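Visitor: The following block contains the structure, expressed as structure tokens.
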Amino acid sequence: MSNDSSDRSLSSVITWNKDVKVMPYALFGVVALIVGAVAAIMTLINGHDTMFNLSPEVPWGLLIASYAFFVLTASGLAFIGGIGHAFGNSAYLKINRRIVVMAFAVLLAGFTQIGMELGHPLRLAWYMLVSPNFSAPITWMGVLYSIELLILAFELYLVLKPNPTEKDHRNSAVVGFCAMIFGVLAAATLGFVFGSNTARPFFHGSYFSTFFVVSGITAGAAMLLFVHNLVYWGRVPSSLSKTMSSLGKLMATGIGVMIFLYLWKILATVYTPAADGGYAAIRELLSGSLSTNFWGGEILLAIVLPLFLVLITKAQSMKMLGLAGFIYIVGFFFTKYDFIIAGQVPVGGDDFIGSGINRMADFQAYVPASGEWLIMLLGCGVFFTFYFFAEKILVLEKES
Amino acid sequence: MRYGMIIDLARCIGCNACTVACKSHNGTPKDIFWSQVLVEEKGEYPNARVVPTPILCMHCEDAPCVKACPTGASYKDENGIVHVNQDKCIGCKSCMVACAYDARKFMGGEPKSYFPGKEVTELEEVQHTEFSRGVVSKCDFCADRLKEDLLPACVGTCPAQARIFGDLDDPGSEVSKILVKKSGRTLLSHKGTKPSVYYLAR
Amino acid sequence: MALAALGGGLPLQSPVLAAGKSAETESINGFCDGCLYKKCMSKYTVKNGVLMSSEGHPDGLYNEGNMCGRGQAQVMTLYDPWRAKTPLKRTNPKKGLNEDPGWVEISWEEALTTTAKKIGAVMEKDPREFVMLSGFGAYPSLYMRPFSAAVGTPNVMYSPGCFCSVHSASEILHGSFVEGADLNYCKFRIEIGRGGANVGSADGEVQADVRCSIDKGMRTVKVDARNSTLFSNSEWVPISPQGGLAFALSLEHVILHEIKVFDEWFVKNRTNATYLIGDYGDYVRHAQSNKPLVWDTDAQTAKEFDDASIGDYALDGSYTVNGMTARPSFALIKEKAKAYTPEWQEKITTIPAAKVRELAATLVKEARIGSTIDVNGVTMPYRPVCVSIYKGLTNHQTGHLAYYAVMTVNILLGAFDVPGGNLGFNNYHYKKDEDGHPVHFHLGPPHHVKFPPKTLDMKDLIPMQHDVGYMFTNSARDLEGHWLDYKPKVGFFYGGNLFSKGGSEEEISEGLASFEFAAAIAINMDEHTHFADIVFPEANHFETDFCYERVFERPSKQQYKQGPMGARKALVKPLYDGRAADDILIQLAKRLNILPKTNIIMSKMNKIKGVSPTTTNLKDVWDAWISGKYGAEWNFDKAAEVGQIALPPIPKEKIYQYYYAPDNQVRLPIYHIFLKKTGEEMIEMCKKAGTEHPVGNETIRNIYQPIPHWVEGPEFPHGKDGFDMNLVGWRNPQFLHDVNNSTGNPLLQEVACKSPFYGKLVLNPRTARRKGFNDGDMVYVENQYGVKVGPVPVKTSEIIHPEAAGVEGGHSRKAFSMNPVNHTSPLSWNRLIPINWKTIDPVTGAIEISPLIRITKA
Ligand SMILES: Nc1nc2c(c(=O)[nH]1)N[C@H]1C(S)=C(S)[C@@H](COP(=O)(O)OP(=O)(O)OC[C@H]3O[C@@H](n4cnc5c(=O)[nH]c(N)nc54)[C@H](O)[C@@H]3O)O[C@H]1N2
Ligand SMILES: Nc1nc2c(c(=O)[nH]1)N[C@H]1C(S)=C(S)[C@@H](COP(=O)(O)OP(=O)(O)OC[C@H]3O[C@@H](n4cnc5c(=O)[nH]c(N)nc54)[C@H](O)[C@@H]3O)O[C@H]1N2
Ligand code: SF4
Ligand code: SF4
Ligand code: SF4
Ligand code: SF4
Ligand code: SF4
Ligand SMILES: [Mo]
């Protein structure tokens, strides 16, 4: 390969996109990153106690929610990317680079969340290698998301490789397909981390694996809709309108399935309150301390509004799709937050006399501390910085 | 051998001597409770009363916390005691979420002193060496005391003599004999964790 | 496996006590001093010179290896950085709770000399001006009273005073400090106003209680304003706070007038129920011997009560003897009880009439009247029922009456000092006076009432008083009004706390500030140090050798005639410059040139022989004490090796007074002649001095009656001006008292705060609803005398009577110089407790602990 040609081909990937006005986002990312990093360092120095508001009753708080929020979105993105490859869906293939970069950035953001959530993040890698416990779902989740990160990194390399050969194309299709499979598996396994839990009846079962995958794919679509609108400042080029409207339909379908899942989970629990199927948690969601979050955050933001916006515009208005995507993403965050907190509602009943008073009080006392919000901001910062700088300097759209 | 405990709820007076004994013998820092007494009001005036339920790690035979621990930091020893190896713990807290008995405590900072704002006392200086930040700790049935043929601190101290300790596998032990005579109940038995801590009915 | 055999909560047969954990870890025997009783044998783990933990010693006579939370947490107090560390002198002359004394450190020499000079000055002029204010912190002191006596002052008082007037009736009837059920045999027990096992002590009380309740199936009914039941087979009968007397009287009524079954033999042979009462309620006496007369129904004539020829006694009827109409006292008692129907009491207590009938019937049935039991070969009556009390019943103006009414019920059932029944616990052997009545043990014959009163606590006006030190706050502020012809000038504070355990803050402050000079022996900079000029830091008890003998028994196993002797070596090197309290007193005595006198009085008071009058060495005193009691082979060092020693327990049959009085010659005064006489005497005495008894002659006449009867006290809720309920307090197991600074112990505070009730005003939800309060609302609580406390949060609870508001703990501490954990409980029960002549029980000096209150929204 001559220098000349390599130069030219490199420019097919790396440029300075003058017309892409994403610097404000990237800069926001940098600021968020710095602020978040300061909080992270403070957490490393001072420890969780001073920075987070966790308690023995609610050991998993905002950061587990934000972790799920990010990694499930990444899974969803990988899924959408995978569809492009697997079924040759040209609408999605068109934005494949964007999808891969975005998935990678979001997953990275997710890793910062779990990293900061751990009491000893550095030990993690070591002991997962030295003495992994394979009966722990969290081990598998960790393994799968690590693999997913590697796959996405490899895919990133492949899709950004200048002068891709035919083989590269085929490879990247295979890798994209793998990313989809592992993304979905990882998301489902994250669901299983909760689903395998017998201590918290609300978590237990296959429901969340399904819900995570579906809502994650929906989030992936929403994310793409939203980010495209950001990148083009609300004026998504018509060349992408087919893609966007396809994503909009995907999102609407996802929300449709979610409605279905919600309905039967809630009905099944409320119908048999005595069956220890998480009634206390559902009650907390429907009418308890989390009810504002649930009705406002989940039902309104994750279901009603985005669906409404997509349906009345027949998935044709780019702006409305972007808005719907944004609203859904916020709602999606609530679905994760609420479910993780609600699931930790004390196990009640006569069998555990006393749990009623002591633990309920502490449960209701959980409100994320500013330290937790700042770590979440760190995650956002990682995403914004990584992704929008990529927008600025990489060619993320291909003619296809 | 499988160590086990019986707590006779008919005797328990909710005095929390067990709580303090556990704290003092294990030197757990402020806020870290391995032994607790839950209290609840039951019934309506005038048929109401306060009922205490002491809880600690149930040393479940089928321990969900051990299963959930990604690094193997949580493990069960040959005597049925569930331990946390503090050097291996990454502080992911999955064990806490997996435990329905509120038995595990995460210490998200340096051990807290009982005398904030003052110099760390000689006593706490020694006590705190046993505790490191960012990991989970829990009751270990006072394994160090068992080695010396002493009863767990909470058992020996109980003024109502409501706690009985011994080997559940040995049919001749006091605990086994009692469990044959009176039906002991485990908490949340439907969860299938098979706790080694039994409760005699109030 | 050795452990397998351990279970059962049974004491472990200590295989490894002396053996340390490892080379640098030592296990040292001793006894616990985490509460005033110090009855529990313990062992301590010391690691590299650091005291790590304590635990119950399996050989402990009382605790059997157990140890309560206070004992467990006590180690903290040693390392408490808030301790009093060096001798201090005040520089700010202004004394007050919120004044910074401006402490400067001084030498021990300066502290001792300055104080000795001040005491010396009043000692020469008028030693009464020296006032010792003491309390439970001074329980282990051998020198506190002797030192004060050697200075020559009569003003030695337990400062917080009479919050537990639970001794009077027991003293008179059992000759014992306290009473309770025989936990060897009792089957059915009613407890009125007793927290009991709630205080969670390890010293044998809980163990015996739980064994009798759970293992032997004793049923307990708690008659209390809040539910204090703990064991599964105890039941709660809610009672309105001022109703205890009415309930007891009604039990008497049902037994005498409805069931009409009682232990006739016991009543006839062992009480003065047969004594004939003539005009003015006095005994009708034999003309020559002056002995009280009884009516022999066989001979149809009056005879001396101890006449061996009596065929049968009359309990009823009316006879003419010595020219007057005479009736057996029983007839009068019965007549009085007639009005006290269950329906009548229901209006006062809110206890359904049917419930009272049921309880009375159960008492009679379970008493198994006529049955006997063999205890170690001795046949005795078997009456396994008991009505027992504590301060919830007695700390009211009518407390002594109520106490007497309860004891009357026990006596009617014959369940008195026999197996299964109501017992005294000091193994006092009845001695009788010429009327056949037992002579009291602790208080001696009723305190001789005198006018004018000589001491600041006014005990000369309160015949059955027990620690009425609280009066000091009144008398010190108004000497003339209390007929005192001297002014207290030098105060000495040691181990008592008027603020956390006494009454109103403002009044106490004024009283304490009135001393020209005051010194304090303190373990921490508590409220009293704010009123001291010199502070002597007391060493933590773990830093010095320590020796203590437990004297008073509590209802528990009662097999030990004397409390055990505890001995403990210093466990660690002193952290600061403190000294043992008795060492400080000895040094002061030396500088006052009263050391020999002090030592001699000390020897006498404690029955110690062979102490050199000039000794300044506590250990010599302990050696003499221990060897004198346990034999020459014992001394402090040897005792400390063990930790606790005791004389062998007395045989079980001998714990029952019945054993000592088979001749039936001791007659329990069921007709309370002493009360009647003393009341008359007091009124007469005051009249001679041209005044009234400060309680009011009317009240004296009302209360000082020979037969328990209904009197409505000044804190009775009628709802006037919104004062429609009473405040009741109870303890949490963490802070029974402040001995060893328990409220300042952050570990105990941490645990106490887990209680849903601690620091809150507990209200029945119905009451709260009626008053429009919700959980967490902030309210003010006010007593009839204008003291207002708050704002405090409301906690609704089903375990409290709708006419009561509850406080758990209730010692809200004030001094800013203490560890701030002290301030976690904002609700001060004590401040609302009225301390004045009009509300105290004029017989015992008991303070009204359930004052009438009004609650308003903050
Ligand atoms: N709120 C409330 N008030 C009460 C009671 C209650 O339960 N609650 N109980 C009442 C009853 S029944 C009683 S008998 C009285 C008892 O009341 P007190 O006789 O006053 O006894 P304590 O509260 O144990 O101790 C009082 C003071 O002694 C100090 N002290 C403790 N140990 C030592 C020591 O070793 N050396 C020295 N120098 N000082 C020491 C403490 O710091 C505290 O300031 O309180 C009565 N008042
Ligand atoms: N080991 C050890 N044991 C001790 C002590 C110690 O220091 N160490 N201290 C001893 C001393 S000094 C005392 S005074 C005792 C205290 O022993 P208790 O008197 O048993 O203790 P309290 O918890 O104060 O219980 C008072 C009860 O009376 C109820 N009550 C309050 N007001 C009223 C009322 O107006 N009417 C009725 N019917 N009930 C009411 C309360 O609800 C509560 O249940 O403990 C003694 N025991
Ligand atoms: S020490 Fe015994 S009686 Fe007290 S709370 Fe614990 S188990 Fe219950
Ligand atoms: S009680 Fe909890 S911590 Fe203990 S073994 Fe069972 S699951 Fe594990
Ligand atoms: S917190 Fe520690 S002990 Fe618990 S599951 Fe994680 S690694 Fe295991
Ligand atoms: S067995 Fe030991 S570690 Fe476990 S609760 Fe009891 S005292 Fe604490
Ligand atoms: S009752 Fe508790 S504080 Fe008192 S001596 Fe016993 S262990 Fe110590
Ligand atoms: Mo008392």
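Using the three backbone atoms N, Cα and C, a Cβ is placed for every residue, glycine included.
Pulled the feature table from TrEMBL, pasting it below:
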{"type": "TRANSMEM", "residues": "A:25-45", "note": "transmembrane segment"}
{"type": "TRANSMEM", "residues": "A:65-87", "note": "transmembrane segment"}
{"type": "TRANSMEM", "residues": "A:99-118", "note": "transmembrane segment"}
{"type": "TRANSMEM", "residues": "A:138-160", "note": "transmembrane segment"}
{"type": "TRANSMEM", "residues": "A:172-195", "note": "transmembrane segment"}
{"type": "TRANSMEM", "residues": "A:207-231", "note": "transmembrane segment"}
{"type": "TRANSMEM", "residues": "A:252-274", "note": "transmembrane segment"}
{"type": "TRANSMEM", "residues": "A:294-313", "note": "transmembrane segment"}
{"type": "TRANSMEM", "residues": "A:320-337", "note": "transmembrane segment"}
{"type": "TRANSMEM", "residues": "A:373-390", "note": "transmembrane segment"}
Visitor: Spell out yes or no: are there three or more C-beta pairs under 8 angstroms between the transmembrane segment (A:320-337) and the transmembrane segment (A:25-45), with each pair 6 or more apart in sequence?
Guide: no
Visitor: Thinking of Cβ pairs under 8 Å, which stretch from A:252-274, A:294-313, A:373-390 has the most of them with the transmembrane segment (A:99-118)?
Guide: A:373-390
Visitor: Could you pull out which residues elsewhere in the chain have a CB under 8 Å from any CB of the transmembrane segment (A:138-160), counting only those six or more residues past its ends?
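Guide: For the transmembrane segment (A:138-160), the far contacts come to 13, 71, 74-75, 78, 81, 96-97, 100-101, 103-104, 107-108, 110-111, 124, 128, 132, 168, 171-172, 175-176, 178-179, 182-183, 185-186, 189-190, 192-193, 394.
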Visitor: Considering only the recorded stretches A:25-45, A:207-231, A:252-274, A:294-313, state which has the highest number of Cβ pairs under 8 Å to the transmembrane segment (A:373-390).
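Guide: The stretch I would name here is A:25-45.
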Visitor: Mind checking which residues reach the transmembrane segment (A:25-45)? Cβ under 8 Å, same chain, six or more beyond either end.
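Guide: Here the qualifying positions are 51-52, 112, 116, 230, 371, 374-389, 391-392.
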Visitor: Excluding the flanking five residues on each side, which residues at least 6 beyond the ends of the transmembrane segment (A:252-274) place their CB within less than 8 Å of a CB in that stretch?
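Guide: Sequence-distant neighbours of the transmembrane segment (A:252-274): 202, 207, 210-211, 214-215, 217-218, 221, 282, 286, 302-303, 306-307, 310-311, 315, 328.
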Visitor: Going along the chain, which residues at least six beyond the ends of the transmembrane segment (A:294-313) come within the CB cut-off of under 8 Å?
Guide: 215, 222, 248-249, 251-252, 255-256, 258-259, 262, 285-286, 320-321, 323-325, 327-328, 330-335, 337-338
